[in-house]
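Asker: What follows is a single structure, and I will ask about it in a moment.
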Amino acid sequence: MQVMAFSPTGLLSLVVFMVLVVEPHPAYGSSRGGWFGRNQGAATPLVNGMCAASVTIHGYKCEEHQVKTQDGYNLSMQRIPEGRIGGNISGNKKQPVLIQHGVLVDGMTWLLNSPQQNLPIILADNGFDVWLANTRGTRFCRHHVSLHPSQPEFWDWSWDELVSYDLPAVFDFVFNHTAQKIHYIGHSLGTLIGLASFSEGHQEDQLKSAAFLSPIAYLTHMKTALGVVAARAFVGEITTLFGVAEFNPKGQQASIFLKALCNYPGVDCYDLVTAITGKNCCLNASTVDLFLQNEPQSTATKNMVHLAQTVRDGVIAKYNYGRPDYNLMHYGEARPPIYNISNIPKDLPILISYGGQDALSDVEDVGQLLDNLKYHDVNKLSIQYIKDYAHADFIMGVNAKDIVYNQVVSFFKNQQ
C-alpha cells in the first residue's frame with residue numbers, strides 16, 4: 001500500500017522535496033492543501049545524536065564524527081564500523097562505504113526502516129565499514145567557523161558547494177581513517193553531486209566504485225505538474241520573495257508559496273506522493289510516520305534555485321547568476337560551465353538502479369544520463385531497472401533489501 005511521498009533523499013529539483021516531505025497519503029485523511037503549515041519548525045532534535053537514536057539501540061557500534069570543509073562548515077558523519085553477524089570481506093580489512101542523502105533531509109532517512117531492512121545496517125552486516133554523510137544546513141551541520149545560521153551568508157551556497165567542498169571533505173576524512181578506496185552510494189541529490197564531482201576528477205584517487213539509486217541528473221521529462229510549476233517559480237529573485245536565504249519547508253513563507261503553486265491550473269495537491277514522486281509501491285505507514293517526525297529540513301534557497309535551473313535549462317551546469325557579467329565574474333565566462341558527465345573515468349565501476357514509476361528520476365532522463373555514459377567500459381557499468389519502483393521506494397521500500405540492496409552488496413563485493 002502506498003502511503004506517502006517521497007523523500008527524503010532525494011529530489012531535488014525544486015519544491016518537490018519540500019512538498020512531499022510533509023504530505024501524507026489520503027489514507028491519513030489528508031485533503032487538498034491540508035498539509036500546509038503542519039509541523040512547522042525545525043526537524044525533531046536528536047539530543048544524543050543519530051547513532052544513539054537509530055543504531056546503537058539495535059546493538060550495533062556507531063561513532064559520531066565531525067568534519068570541517070575548506071570553506072568553514074562543520075559536517076556531521078556517523079560510522080557503523082561493523083555488523084552484528086560477521087561477514088568480513090577481505091579478512092579483517094573492511095571496505096569503506098560512503099552513503100549520501102538527498103535534499104531537505106539528512107542521513108537519518110537511510111535508518112528509518114528496521115535494521116533488517118535499512119541499507120547501512122545491511123552493509124555493516126555484510127562486512128563493510130559504513131559511513132553516513134550529512135550536508136551543510138541539516139540539523140547536525142549548522143555550524144561554521146565564523147557564520148551563524150541566522151546570517152544570510154551562512155546559506156549562500158548551492159549544490160555546487162556540495163560538489164566542491166562537502167563531498168571532498170567527507171571523502172578525505174574517510175580515506176584518511178581507513179587508508180582504502182571508498183565505495184559511494186547516492187540517492188537523488190546524492191547522485192547528482194556524485195556524478196558532478198566525479199566528472200571533475202575530485203575523488204578519482206579515493207573512489208573504488210559508485211552506486212546511484214534513483215539518479216537525478218537531467219530533469220527535462222520530470223512528470224509532475226507541481227514540479228514544473230515550482231521550477232518555473234524558483235527564479236533568482238526568490239530569496240527576496242521569502243526575505244531569507246534559508247529555505248525552511250515547514251516555515252510560514254514556504255507554506256504560503258506552496259499554497260500559491262497549488263492554485264495553478266492543472267496542479268493537484270491532493271495526493272502529492274503520487275503526483276510528485278510517482279506511485280511508490282512499497283512504503284508502510286510506520287516508516288512514513290517516523291519520517292515525518294524527522295524531516296524535512298532546511299536547505300539554502302540558492303540551492304533550490306539551482307535545482308530549478310537544472311529542470312528549466314535541461315543541462316547539468318554550475319549555478320547561473322542570471323547576468324552574463326555576474327557569471328563572468330564567478331566563472332570567467334558568460335554562461336555557467338557544464339558538468340561533463342562523460343568525463344567520469346571510463347573504468348570506474350558504476351551501478352545505476354532506477355524505477356519505472358519514478359516521476360522525478362524519469363526513465364527518459366535516466367536514458368539521457370546513460371547516453372552520457374555510452375563510452376563507459378561495458379564491463380564496468382551495471383544497470384538495474386525496477387518497473388514498479390518510484391523515488392521513495394529506493395530508501396524506504398519494505399522490499400528494497402531483496403530488490404535493490406542485495407544487488408548493491410553483490411556489486412561492491414565483486415569489486416574486491
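Glycine too: its Cβ is placed from the backbone N, Cα and C atoms.
For SER188, the entry in TrEMBL reads active site, nucleophile. Residues or ranges marked as active site, charge relay system in TrEMBL: ASP358, HIS391. Among the features that TrEMBL reports, domain 'Partial AB-hydrolase lipase' is placed at 55-113. The feature signal peptide is assigned by TrEMBL to 1-29.
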Asker: Just name the most isolated of the active-site residues SER188, ASP358, HIS391, going by other Cβ atoms within 10 Å of its Cβ.
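Answerer: It is ASP358 that, of the active-site residues SER188, ASP358, HIS391, has the fewest other Cβ atoms within 10 Å.
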Asker: What are the DSSP helix/strand/coil residue counts across the domain 'Partial AB-hydrolase lipase' (55-113)?
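Answerer: For the domain 'Partial AB-hydrolase lipase' (55-113), the helix, strand and coil counts are 8 helix, 21 strand, 30 coil.
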Asker: Hey, how far is SER188 (active site, nucleophile) from ASP358 (active site, charge relay system), Cα to Cα, in Å?
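Answerer: So the alpha carbons of SER188 (active site, nucleophile) and ASP358 (active site, charge relay system) sit roughly 11 Å from each other.
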